[in-house]
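Just below is one structure, and these are the notes that go with it.
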(Lines of atoms letter the chains of each structure in order from A and count residues from 1; the text may use other names and numbers.)
(Lines give C-alpha, C1' and ligand atoms only; values in the text may rest on other atoms or scores of the structure.)
Protein backbone atom coordinates (compact mmCIF):
# COMPACT_ATOMS: atom_id res chain seq x y z
CA UNK A 1 0.00 0.00 0.00
CA UNK A 2 1.40 3.41 -1.01
CA UNK A 3 0.81 6.55 1.05
CA UNK A 4 -1.67 7.74 -1.59
CA UNK A 5 -3.73 4.61 -0.87
CA UNK A 6 -3.53 5.36 2.84
CA UNK A 7 -4.79 8.88 2.16
CA UNK A 8 -7.68 7.46 0.15
CA UNK A 9 -8.52 5.24 3.12
CA UNK A 10 -9.02 8.21 5.48
CA UNK A 11 -10.59 10.37 2.77
CA UNK A 12 -8.55 12.28 0.21
CA UNK A 13 -11.18 14.75 -0.97
CA UNK A 14 -13.47 15.03 2.00
CA UNK A 15 -14.55 17.73 4.42
CA UNK A 16 -11.05 18.00 5.88
CA UNK A 17 -9.42 18.74 2.52
CA UNK A 18 -12.04 21.34 1.63
CA UNK A 19 -11.54 23.22 4.91
CA UNK A 20 -7.78 22.71 4.80
CA UNK A 21 -7.28 24.06 1.28
CA UNK A 22 -9.76 26.91 1.75
CA UNK A 23 -8.14 28.19 4.93
CA UNK A 24 -4.63 27.85 3.50
CA UNK A 25 -5.70 29.76 0.40
CA UNK A 26 -7.08 32.76 2.28
CA UNK A 27 -3.67 34.39 3.01
CA UNK A 28 -2.74 33.96 -0.66
CA UNK A 29 -5.42 36.56 -1.46
CA UNK A 30 -3.38 39.13 0.48
CA UNK A 31 0.06 38.11 -0.79
CA UNK A 32 -0.39 40.12 -3.99
CA UNK A 33 -1.27 43.11 -1.82
CA UNK A 34 2.19 43.07 -0.28
CA UNK A 35 4.02 42.24 -3.51
CA UNK A 36 2.40 45.15 -5.36
CA UNK A 37 1.79 47.48 -2.41
CA UNK A 38 4.58 49.75 -3.63
CA UNK A 39 2.40 50.91 -6.53
CA UNK A 40 0.18 52.76 -4.08
CA UNK A 41 2.16 53.51 -0.93
CA UNK A 42 5.04 54.83 -3.05
CA UNK A 43 3.04 56.56 -5.78
CA UNK A 44 4.73 59.78 -6.90
CA UNK A 45 2.21 62.66 -7.13
CA UNK A 46 2.82 65.70 -9.35
CA UNK A 47 5.12 68.05 -7.49
CA UNK A 48 7.26 71.16 -7.76
CA UNK A 49 9.42 73.31 -5.53
CA UNK A 50 7.81 75.38 -2.83
CA UNK A 51 8.17 79.14 -3.47
CA UNK A 52 10.72 81.06 -1.44
CA UNK A 53 9.78 81.12 2.23
CA UNK A 54 10.07 84.90 2.50
CA UNK A 55 7.39 85.54 -0.13
CA UNK A 56 3.98 86.70 1.04
CA UNK A 57 1.27 84.64 -0.66
CA UNK A 58 -1.45 86.93 0.63
CA UNK A 59 -0.39 89.96 -1.39
CA UNK A 60 0.40 88.07 -4.58
CA UNK A 61 -1.63 85.62 -6.58
CA UNK A 62 -0.39 82.06 -6.02
CA UNK A 63 -0.21 81.38 -9.76
CA UNK A 64 1.94 84.48 -10.29
CA UNK A 65 4.26 83.41 -7.48
CA UNK A 66 4.77 80.03 -9.12
CA UNK A 67 5.48 81.62 -12.51
CA UNK A 68 8.06 83.88 -10.92
CA UNK A 69 9.80 81.24 -8.81
CA UNK A 70 9.53 77.88 -10.58
CA UNK A 71 10.82 77.57 -14.17
CA UNK A 72 8.93 75.76 -16.88
CA UNK A 73 10.38 72.84 -18.77
CA UNK A 74 10.30 72.27 -22.52
CA UNK A 75 6.98 70.46 -22.08
CA UNK A 76 5.42 73.58 -20.55
CA UNK A 77 5.09 72.01 -17.10
CA UNK A 78 6.66 73.23 -13.88
CA UNK A 79 10.11 71.85 -13.17
CA UNK A 80 10.02 69.29 -10.38
CA UNK A 81 13.44 69.70 -8.87
CA UNK A 82 14.58 73.30 -9.23
CA UNK A 83 13.47 76.89 -8.83
CA UNK A 84 14.93 80.31 -9.59
CA UNK A 85 17.50 81.46 -7.08
CA UNK A 86 15.61 84.75 -6.85
CA UNK A 87 12.03 85.41 -7.99
CA UNK A 88 11.83 86.53 -11.63
CA UNK A 89 8.96 88.99 -11.45
CA UNK A 90 9.62 90.25 -14.96
CA UNK A 91 8.12 87.00 -16.26
CA UNK A 92 4.70 88.25 -15.23
CA UNK A 93 4.89 90.99 -17.85
CA UNK A 94 5.18 88.36 -20.59
CA UNK A 95 2.16 86.56 -21.99
CA UNK A 96 1.82 82.83 -21.43
CA UNK A 97 3.26 81.69 -24.76
CA UNK A 98 6.29 83.95 -24.41
CA UNK A 99 7.03 82.75 -20.89
CA UNK A 100 6.95 79.08 -21.76
CA UNK A 101 10.46 79.25 -23.10
CA UNK A 102 12.72 82.22 -23.35
CA UNK A 103 16.47 82.08 -24.04
CA UNK A 104 17.22 84.67 -21.41
CA UNK A 105 15.27 82.71 -18.81
CA UNK A 106 17.17 79.54 -19.73
CA UNK A 107 20.35 81.20 -18.47
CA UNK A 108 18.80 82.39 -15.21
CA UNK A 109 20.44 80.86 -12.16
CA UNK A 110 18.44 78.13 -10.43
CA UNK A 111 18.75 76.18 -7.20
CA UNK A 112 17.37 73.02 -5.66
CA UNK A 113 14.15 73.02 -3.68
CA UNK A 114 15.52 74.60 -0.51
CA UNK A 115 12.08 74.97 1.10
CA UNK A 116 10.71 71.56 0.17
CA UNK A 117 8.09 70.55 -2.35
CA UNK A 118 4.42 71.08 -3.03
CA UNK A 119 2.54 67.87 -3.87
CA UNK A 120 -0.71 67.61 -5.80
CA UNK A 121 -2.61 65.08 -3.67
CA UNK A 122 -5.70 64.58 -5.83
CA UNK A 123 -5.34 60.77 -6.10
CA UNK A 124 -4.10 59.96 -2.60
CA UNK A 125 -3.85 61.67 0.76
CA UNK A 126 -0.29 60.57 1.59
CA UNK A 127 2.48 58.27 0.38
CA UNK A 128 5.98 57.51 1.57
CA UNK A 129 7.14 59.84 -1.21
CA UNK A 130 5.39 62.84 0.33
CA UNK A 131 6.13 61.73 3.88
CA UNK A 132 9.91 61.65 3.45
CA UNK A 133 10.36 63.72 0.26
CA UNK A 134 11.73 60.83 -1.82
CA UNK A 135 11.95 62.90 -5.00
CA UNK A 136 14.67 64.52 -7.10
CA UNK A 137 18.05 63.62 -5.56
CA UNK A 138 16.36 60.97 -3.40
CA UNK A 139 14.13 59.44 -6.07
CA UNK A 140 16.28 56.28 -6.24
CA UNK A 141 15.18 55.42 -2.71
CA UNK A 142 11.70 54.59 -3.98
CA UNK A 143 13.07 51.80 -6.17
CA UNK A 144 15.48 50.73 -3.46
CA UNK A 145 12.60 50.10 -1.06
CA UNK A 146 11.05 47.60 -3.48
CA UNK A 147 14.43 46.01 -4.14
CA UNK A 148 15.01 45.49 -0.42
CA UNK A 149 11.55 43.94 -0.09
CA UNK A 150 12.29 41.48 -2.88
CA UNK A 151 15.64 40.84 -1.22
CA UNK A 152 13.68 39.81 1.86
CA UNK A 153 11.61 37.44 -0.29
CA UNK A 154 14.84 35.90 -1.59
CA UNK A 155 16.37 35.52 1.88
CA UNK A 156 13.10 34.12 3.20
CA UNK A 157 13.03 31.44 0.51
CA UNK A 158 16.50 30.29 1.57
CA UNK A 159 15.88 30.48 5.31
CA UNK A 160 12.33 29.16 5.53
CA UNK A 161 12.98 26.42 2.97
CA UNK A 162 15.61 24.83 5.19
CA UNK A 163 13.77 25.46 8.44
CA UNK A 164 10.58 23.96 7.04
CA UNK A 165 12.26 20.63 6.33
CA UNK A 166 13.73 20.64 9.84
CA UNK A 167 10.93 21.95 12.07
CA UNK A 168 7.84 21.23 10.00
CA UNK A 169 5.41 23.12 7.78
CA UNK A 170 2.83 24.00 10.46
CA UNK A 171 5.24 25.67 12.88
CA UNK A 172 6.89 27.72 10.14
CA UNK A 173 3.47 28.68 8.76
CA UNK A 174 2.47 30.02 12.17
CA UNK A 175 5.71 31.98 12.44
CA UNK A 176 5.32 33.36 8.91
CA UNK A 177 1.75 34.53 9.52
CA UNK A 178 2.71 36.26 12.75
CA UNK A 179 5.84 37.74 11.19
CA UNK A 180 3.83 39.14 8.27
CA UNK A 181 1.19 40.59 10.58
CA UNK A 182 3.65 42.23 12.98
CA UNK A 183 6.01 43.30 10.19
CA UNK A 184 3.19 44.93 8.23
CA UNK A 185 1.94 46.70 11.35
CA UNK A 186 5.41 48.05 12.06
CA UNK A 187 5.68 49.23 8.45
CA UNK A 188 2.45 51.18 8.89
CA UNK A 189 3.82 52.91 11.98
CA UNK A 190 7.32 53.54 10.62
CA UNK A 191 8.84 56.85 11.69
CA UNK A 192 11.65 56.85 9.13
CA UNK A 193 12.41 55.50 5.68
CA UNK A 194 15.07 53.20 7.13
CA UNK A 195 12.54 51.71 9.54
CA UNK A 196 10.10 51.30 6.65
CA UNK A 197 12.65 49.33 4.59
CA UNK A 198 13.73 47.13 7.51
CA UNK A 199 10.21 45.95 8.25
CA UNK A 200 9.41 45.57 4.55
CA UNK A 201 12.32 43.12 4.40
CA UNK A 202 10.67 41.23 7.27
CA UNK A 203 7.41 41.14 5.31
CA UNK A 204 9.26 39.82 2.26
CA UNK A 205 10.82 37.03 4.29
CA UNK A 206 7.45 36.17 5.82
CA UNK A 207 5.84 36.03 2.38
CA UNK A 208 8.32 33.36 1.28
CA UNK A 209 7.56 31.36 4.41
CA UNK A 210 3.84 31.61 3.72
CA UNK A 211 4.21 30.53 0.10
CA UNK A 212 6.52 27.59 0.73
CA UNK A 213 4.68 26.15 3.71
CA UNK A 214 1.14 26.83 2.45
CA UNK A 215 1.74 24.99 -0.81
CA UNK A 216 3.56 22.17 0.97
CA UNK A 217 0.68 21.61 3.38
CA UNK A 218 -1.82 21.80 0.53
CA UNK A 219 -0.17 19.24 -1.78
CA UNK A 220 0.82 16.86 1.03
CA UNK A 221 -2.80 16.38 2.15
CA UNK A 222 -4.50 16.01 -1.25
CA UNK A 223 -4.36 13.23 -3.88
CA UNK A 224 -2.44 13.53 -7.12
CA UNK A 225 -5.57 13.57 -9.28
CA UNK A 226 -6.77 16.92 -7.91
CA UNK A 227 -3.43 18.71 -7.59
CA UNK A 228 -3.76 20.39 -10.98
CA UNK A 229 -7.21 21.75 -10.12
CA UNK A 230 -6.18 22.84 -6.64
CA UNK A 231 -2.94 24.38 -7.92
CA UNK A 232 -4.84 26.35 -10.54
CA UNK A 233 -7.35 27.48 -7.93
CA UNK A 234 -4.68 28.76 -5.56
CA UNK A 235 -3.02 30.53 -8.48
CA UNK A 236 -6.27 32.35 -9.16
CA UNK A 237 -6.39 33.35 -5.50
CA UNK A 238 -3.25 35.38 -6.15
CA UNK A 239 -4.84 36.88 -9.26
CA UNK A 240 -7.94 37.79 -7.24
CA UNK A 241 -5.64 39.38 -4.69
CA UNK A 242 -4.46 41.86 -7.30
CA UNK A 243 -8.05 42.98 -7.83
CA UNK A 244 -8.63 43.20 -4.08
CA UNK A 245 -5.57 45.43 -3.72
CA UNK A 246 -6.92 47.89 -6.29
CA UNK A 247 -10.28 48.07 -4.50
CA UNK A 248 -8.76 48.50 -1.04
CA UNK A 249 -6.26 51.10 -2.26
CA UNK A 250 -9.07 53.04 -3.96
CA UNK A 251 -10.99 53.20 -0.68
CA UNK A 252 -7.98 53.89 1.55
CA UNK A 253 -5.80 56.68 0.16
CA UNK A 254 -3.45 57.03 3.15
CA UNK A 255 -0.38 54.78 2.86
CA UNK A 256 -0.24 53.95 6.57
CA UNK A 257 -3.87 52.85 6.81
CA UNK A 258 -3.57 50.97 3.51
CA UNK A 259 -0.54 49.04 4.75
CA UNK A 260 -2.36 48.26 7.97
CA UNK A 261 -5.46 47.11 6.07
CA UNK A 262 -3.52 44.52 4.04
CA UNK A 263 -1.57 43.34 7.11
CA UNK A 264 -4.29 42.87 9.73
CA UNK A 265 -5.84 39.80 8.01
CA UNK A 266 -2.66 37.87 8.77
CA UNK A 267 -3.46 38.09 12.49
CA UNK A 268 -6.65 36.19 11.71
CA UNK A 269 -4.83 33.58 9.62
CA UNK A 270 -2.28 33.22 12.44
CA UNK A 271 -5.06 32.38 14.89
CA UNK A 272 -6.76 29.73 12.78
CA UNK A 273 -3.42 28.26 11.62
CA UNK A 274 -3.19 26.52 15.00
CA UNK A 275 -5.94 24.23 13.70
CA UNK A 276 -3.82 22.87 10.82
CA UNK A 277 -2.45 19.35 11.03
CA UNK A 278 1.22 18.75 10.32
CA UNK A 279 2.01 16.78 7.17
CA UNK A 280 1.94 13.04 7.85
CA UNK A 281 4.62 12.55 5.19
CA UNK A 282 6.97 14.97 6.93
CA UNK A 283 6.30 13.43 10.35
CA UNK A 284 7.26 9.97 9.12
CA UNK A 285 10.40 11.19 7.36
CA UNK A 286 11.48 13.00 10.55
CA UNK A 287 11.03 9.93 12.75
CA UNK A 288 7.71 10.88 14.37
CA UNK A 289 5.33 8.23 13.00
CA UNK A 290 3.18 8.16 16.16
CA UNK A 291 2.00 11.74 15.56
CA UNK A 292 1.49 10.94 11.88
CA UNK A 293 -0.90 8.13 12.83
CA UNK A 294 -2.80 10.49 15.15
CA UNK A 295 -3.12 13.08 12.38
CA UNK A 296 -4.38 10.51 9.89
CA UNK A 297 -6.99 9.33 12.37
CA UNK A 298 -8.08 12.94 12.92
CA UNK A 299 -8.49 13.37 9.16
CA UNK A 300 -10.54 10.18 9.02
CA UNK A 301 -12.80 11.41 11.84
CA UNK A 302 -13.40 14.80 10.16
CA UNK A 303 -14.15 13.06 6.87
CA UNK A 304 -16.61 10.70 8.56
CA UNK A 305 -14.39 7.63 8.18
CA UNK A 306 -13.50 6.91 11.80
CA UNK A 307 -13.75 3.15 11.29
CA UNK A 308 -11.22 3.24 8.46
CA UNK A 309 -8.94 5.51 10.48
CA UNK A 310 -8.92 3.11 13.43
CA UNK A 311 -7.37 0.44 11.19
CA UNK A 312 -4.22 2.53 10.66
CA UNK A 313 -1.24 1.65 12.83
CA UNK A 314 2.51 2.29 12.84
CA UNK A 315 3.34 -0.80 10.81
CA UNK A 316 0.87 0.08 8.07
CA UNK A 317 2.12 3.68 7.91
CA UNK A 318 5.80 2.76 7.72
CA UNK A 319 5.09 0.20 5.03
CA UNK A 320 3.29 2.82 2.92
CA UNK A 321 6.17 5.28 3.30
CA UNK A 322 9.01 2.94 2.33
CA UNK A 323 9.66 4.63 -0.98
CA UNK A 324 9.64 8.14 0.49
CA UNK A 325 12.00 7.08 3.27
CA UNK A 326 14.37 5.49 0.76
CA UNK A 327 14.43 8.65 -1.31
CA UNK A 328 15.10 10.80 1.73
CA UNK A 329 18.33 8.90 2.40
CA UNK A 330 19.92 9.92 -0.90
CA UNK A 331 23.05 12.07 -0.82
CA UNK A 332 22.18 14.65 -3.46
CA UNK A 333 23.00 18.35 -3.38
CA UNK A 334 22.50 21.48 -5.45
CA UNK A 335 25.79 20.73 -7.23
CA UNK A 336 24.03 17.86 -8.98
CA UNK A 337 22.10 20.46 -10.98
CA UNK A 338 25.33 20.95 -12.95
CA UNK A 339 26.74 17.41 -12.81
CA UNK A 340 26.24 16.45 -16.46
CA UNK A 341 26.09 18.44 -19.68
CA UNK A 342 22.37 17.78 -20.03
CA UNK A 343 21.69 18.95 -16.48
CA UNK A 344 23.84 22.04 -17.07
CA UNK A 345 21.85 22.91 -20.18
CA UNK A 346 18.54 22.51 -18.36
CA UNK A 347 19.66 24.52 -15.33
CA UNK A 348 21.18 27.37 -17.35
CA UNK A 349 18.20 27.67 -19.69
CA UNK A 350 15.66 27.49 -16.87
CA UNK A 351 17.63 30.09 -14.91
CA UNK A 352 17.37 32.48 -17.85
CA UNK A 353 13.65 31.77 -18.26
CA UNK A 354 12.78 32.30 -14.59
CA UNK A 355 14.98 35.37 -14.19
CA UNK A 356 13.61 37.11 -17.28
CA UNK A 357 9.98 36.24 -16.58
CA UNK A 358 10.13 37.67 -13.07
CA UNK A 359 12.32 40.58 -14.15
CA UNK A 360 9.95 41.76 -16.89
CA UNK A 361 6.79 40.89 -14.91
CA UNK A 362 7.69 43.12 -11.98
CA UNK A 363 9.24 45.71 -14.26
CA UNK A 364 5.83 46.21 -15.85
CA UNK A 365 3.73 45.69 -12.73
CA UNK A 366 5.66 48.13 -10.54
CA UNK A 367 5.51 51.16 -12.85
CA UNK A 368 1.80 51.77 -13.31
CA UNK A 369 2.00 55.56 -13.27
CA UNK A 370 3.77 55.74 -16.63
CA UNK A 371 0.58 54.76 -18.48
CA UNK A 372 -1.06 58.08 -17.72
CA UNK A 373 -4.35 56.60 -16.50
CA UNK A 374 -5.70 55.92 -13.03
CA UNK A 375 -3.38 53.57 -11.17
CA UNK A 376 -6.44 51.92 -9.61
CA UNK A 377 -7.93 51.14 -13.01
CA UNK A 378 -4.67 49.87 -14.49
CA UNK A 379 -4.12 47.63 -11.45
CA UNK A 380 -7.54 46.03 -12.02
CA UNK A 381 -6.79 45.53 -15.72
CA UNK A 382 -3.34 44.11 -15.01
CA UNK A 383 -4.83 41.70 -12.49
CA UNK A 384 -7.78 40.65 -14.65
CA UNK A 385 -5.63 39.83 -17.69
CA UNK A 386 -4.01 36.98 -15.75
CA UNK A 387 -7.28 35.03 -15.86
CA UNK A 388 -7.55 34.48 -19.65
CA UNK A 389 -3.75 34.34 -19.97
CA UNK A 390 -3.48 31.35 -17.64
CA UNK A 391 -6.40 29.58 -19.31
CA UNK A 392 -4.91 30.03 -22.78
CA UNK A 393 -1.42 28.87 -21.82
CA UNK A 394 -2.83 25.82 -20.03
CA UNK A 395 -4.61 24.80 -23.24
CA UNK A 396 -1.49 25.50 -25.30
CA UNK A 397 0.71 23.43 -22.98
CA UNK A 398 -1.64 20.47 -23.35
CA UNK A 399 -2.04 20.73 -27.13
CA UNK A 400 1.20 22.25 -28.44
CA UNK A 401 3.63 21.28 -25.72
CA UNK A 402 5.57 22.97 -22.95
CA UNK A 403 8.49 24.27 -25.00
CA UNK A 404 6.55 26.16 -27.70
CA UNK A 405 4.20 27.56 -25.05
CA UNK A 406 7.12 28.79 -22.94
CA UNK A 407 9.00 30.23 -25.93
CA UNK A 408 5.90 31.81 -27.40
CA UNK A 409 4.79 33.48 -24.16
CA UNK A 410 8.23 35.00 -23.57
CA UNK A 411 8.89 36.17 -27.12
CA UNK A 412 5.39 37.63 -27.52
CA UNK A 413 5.74 39.47 -24.20
CA UNK A 414 9.06 40.95 -25.30
CA UNK A 415 7.68 42.01 -28.67
CA UNK A 416 4.70 43.76 -27.06
CA UNK A 417 7.00 45.69 -24.72
CA UNK A 418 9.38 46.71 -27.52
CA UNK A 419 6.55 47.79 -29.84
CA UNK A 420 5.28 49.99 -27.03
CA UNK A 421 8.49 52.02 -27.25
CA UNK A 422 7.52 53.10 -30.76
CA UNK A 423 3.99 54.21 -29.86
CA UNK A 424 3.61 57.99 -29.30
CA UNK A 425 2.87 58.94 -25.70
CA UNK A 426 -0.42 60.59 -26.67
CA UNK A 427 -1.86 57.23 -27.79
CA UNK A 428 -2.46 56.09 -24.22
CA UNK A 429 -5.12 53.52 -25.11
CA UNK A 430 -2.81 51.69 -27.51
CA UNK A 431 0.15 51.88 -25.12
CA UNK A 432 -1.92 50.49 -22.27
CA UNK A 433 -3.34 47.69 -24.43
CA UNK A 434 0.11 46.56 -25.54
CA UNK A 435 1.36 46.64 -21.95
CA UNK A 436 -1.63 44.58 -20.77
CA UNK A 437 -0.99 41.95 -23.46
CA UNK A 438 2.68 41.86 -22.49
CA UNK A 439 1.85 41.46 -18.82
CA UNK A 440 -0.62 38.69 -19.61
CA UNK A 441 2.04 36.85 -21.60
CA UNK A 442 4.44 37.10 -18.67
CA UNK A 443 1.76 35.73 -16.32
CA UNK A 444 1.30 32.87 -18.78
CA UNK A 445 5.06 32.32 -18.81
CA UNK A 446 5.04 32.06 -15.01
CA UNK A 447 2.25 29.51 -15.19
CA UNK A 448 4.19 27.48 -17.73
CA UNK A 449 7.62 27.56 -16.12
CA UNK A 450 6.36 26.18 -12.79
CA UNK A 451 5.08 23.04 -14.48
CA UNK A 452 7.92 22.85 -17.02
CA UNK A 453 10.71 23.05 -14.42
CA UNK A 454 9.05 20.41 -12.27
CA UNK A 455 8.89 18.04 -15.24
CA UNK A 456 12.48 18.68 -16.33
CA UNK A 457 14.21 18.07 -13.01
CA UNK A 458 14.45 14.45 -11.79
CA UNK A 459 12.76 13.46 -8.55
CA UNK A 460 15.98 13.12 -6.56
CA UNK A 461 16.90 16.79 -7.06
CA UNK A 462 13.56 18.31 -8.01
CA UNK A 463 13.31 20.31 -4.80
CA UNK A 464 16.83 21.65 -5.22
CA UNK A 465 16.11 22.56 -8.82
CA UNK A 466 12.87 24.35 -7.99
CA UNK A 467 14.61 26.16 -5.17
CA UNK A 468 17.36 27.36 -7.50
CA UNK A 469 15.10 28.66 -10.26
CA UNK A 470 12.83 30.30 -7.68
CA UNK A 471 15.89 32.09 -6.34
CA UNK A 472 16.69 33.31 -9.86
CA UNK A 473 13.14 34.63 -10.14
CA UNK A 474 13.51 36.57 -6.88
CA UNK A 475 16.81 37.96 -8.08
CA UNK A 476 15.10 39.18 -11.25
CA UNK A 477 12.39 40.82 -9.14
CA UNK A 478 15.10 42.56 -7.09
CA UNK A 479 16.86 43.98 -10.14
CA UNK A 480 13.69 45.09 -11.97
CA UNK A 481 12.93 48.26 -9.93
CA UNK A 482 16.48 49.58 -10.25
CA UNK A 483 16.35 49.43 -14.06
CA UNK A 484 13.67 52.14 -13.96
CA UNK A 485 16.33 54.59 -12.75
CA UNK A 486 18.06 54.29 -16.13
CA UNK A 487 15.06 56.02 -17.68
CA UNK A 488 15.78 59.38 -16.04
CA UNK A 489 18.08 60.44 -18.89
CA UNK A 490 17.00 57.99 -21.60
CA UNK A 491 13.31 57.05 -21.14
CA UNK A 492 13.49 54.24 -23.70
CA UNK A 493 16.18 52.21 -21.93
CA UNK A 494 13.99 50.46 -19.28
CA UNK A 495 11.45 49.37 -21.88
CA UNK A 496 14.22 48.13 -24.16
CA UNK A 497 15.72 46.04 -21.37
CA UNK A 498 12.35 44.76 -20.14
CA UNK A 499 11.43 43.79 -23.70
CA UNK A 500 14.79 42.36 -24.70
CA UNK A 501 15.19 40.07 -21.70
CA UNK A 502 12.11 37.89 -22.41
CA UNK A 503 13.06 37.52 -26.08
CA UNK A 504 16.57 36.37 -25.18
CA UNK A 505 15.24 33.94 -22.58
CA UNK A 506 12.69 32.70 -25.11
CA UNK A 507 15.64 31.68 -27.27
CA UNK A 508 17.18 29.90 -24.27
CA UNK A 509 13.89 28.06 -23.73
CA UNK A 510 14.13 26.69 -27.28
CA UNK A 511 17.05 24.51 -26.16
CA UNK A 512 15.03 22.83 -23.41
CA UNK A 513 13.66 19.34 -24.09
CA UNK A 514 9.94 18.86 -24.58
CA UNK A 515 8.16 17.12 -21.70
CA UNK A 516 4.59 16.83 -22.97
CA UNK A 517 3.42 13.23 -22.41
CA UNK A 518 6.88 12.28 -21.15
CA UNK A 519 7.28 10.28 -17.91
CA UNK A 520 8.70 12.12 -14.94
CA UNK A 521 12.44 11.40 -14.62
CA UNK A 522 13.43 9.93 -11.26
CA UNK A 523 17.22 10.06 -11.56
CA UNK A 524 19.87 12.13 -13.29
CA UNK A 525 20.65 9.08 -15.41
CA UNK A 526 17.07 9.18 -16.72
CA UNK A 527 17.72 12.72 -17.96
CA UNK A 528 20.96 11.74 -19.69
CA UNK A 529 19.43 8.65 -21.27
CA UNK A 530 16.59 10.66 -22.69
CA UNK A 531 19.00 13.08 -24.35
CA UNK A 532 18.24 16.57 -25.62
CA UNK A 533 18.60 15.56 -29.25
CA UNK A 534 16.13 12.68 -28.99
CA UNK A 535 13.49 14.39 -26.87
CA UNK A 536 11.14 15.37 -29.69
CA UNK A 537 11.62 12.27 -31.83
CA UNK A 538 11.23 9.51 -29.25
CA UNK A 539 8.27 9.21 -26.94
CA UNK A 540 7.85 6.43 -24.41
CA UNK A 541 4.50 4.60 -24.09
CA UNK A 542 2.16 5.06 -21.16
CA UNK A 543 3.58 8.48 -20.40
CA UNK A 544 2.47 10.56 -17.49
CA UNK A 545 3.02 14.25 -16.91
CA UNK A 546 3.62 16.08 -13.65
CA UNK A 547 -0.05 16.66 -13.04
CA UNK A 548 -0.82 12.92 -13.09
CA UNK A 549 2.19 11.30 -11.42
CA UNK A 550 2.78 11.44 -7.68
CA UNK A 551 6.28 12.75 -6.98
CA UNK A 552 6.43 10.77 -3.76
CA UNK A 553 10.07 11.34 -2.90
CA UNK A 554 10.23 15.09 -3.14
CA UNK A 555 7.11 17.22 -3.33
CA UNK A 556 7.09 20.20 -5.63
CA UNK A 557 6.84 23.48 -3.77
CA UNK A 558 5.51 26.37 -5.81
CA UNK A 559 5.78 30.07 -5.05
CA UNK A 560 3.47 32.76 -6.32
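Note that Cβ sites are derived from N, Cα and C of the backbone, with glycine treated the same way.
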Recorded membrane side (Swiss-Prot) equal for residue 252 and residue 487: yes
Per Swiss-Prot, the range holding transmembrane segment, considering 202-222, 286-306, 307-327: 202-222
Annotated stretch (transmembrane segment, per Swiss-Prot) among the listed ranges 115-135, 346-366, 514-534: 346-366
87-107, 171-191 - the range that Swiss-Prot marks as transmembrane segment: 171-191
Beyond the flanks of the topological domain 'Cytoplasmic' (396-406) by at least 6 residues, Cβ under 8 Å: 353, 444-445, 448-449, 451-452, 455, 506, 509-510, 512-516
In contact by Cβ distance (the transmembrane segment (346-366), the transmembrane segment (466-486); 3 or more pairs under 8 Å): yes
The transmembrane segment (492-512) and the transmembrane segment (16-36) contact flag, 3+ Cβ pairs under 8 angstroms: no
Selection from 16-36, 144-164, 229-249, 346-366, 407-427, the stretch that has most Cβ pairs under 8 A to the transmembrane segment (434-454): 407-427
Maximum Cβ pairs under 8 Å to the transmembrane segment (257-277) - stretch from the list 171-191, 202-222, 407-427: 171-191
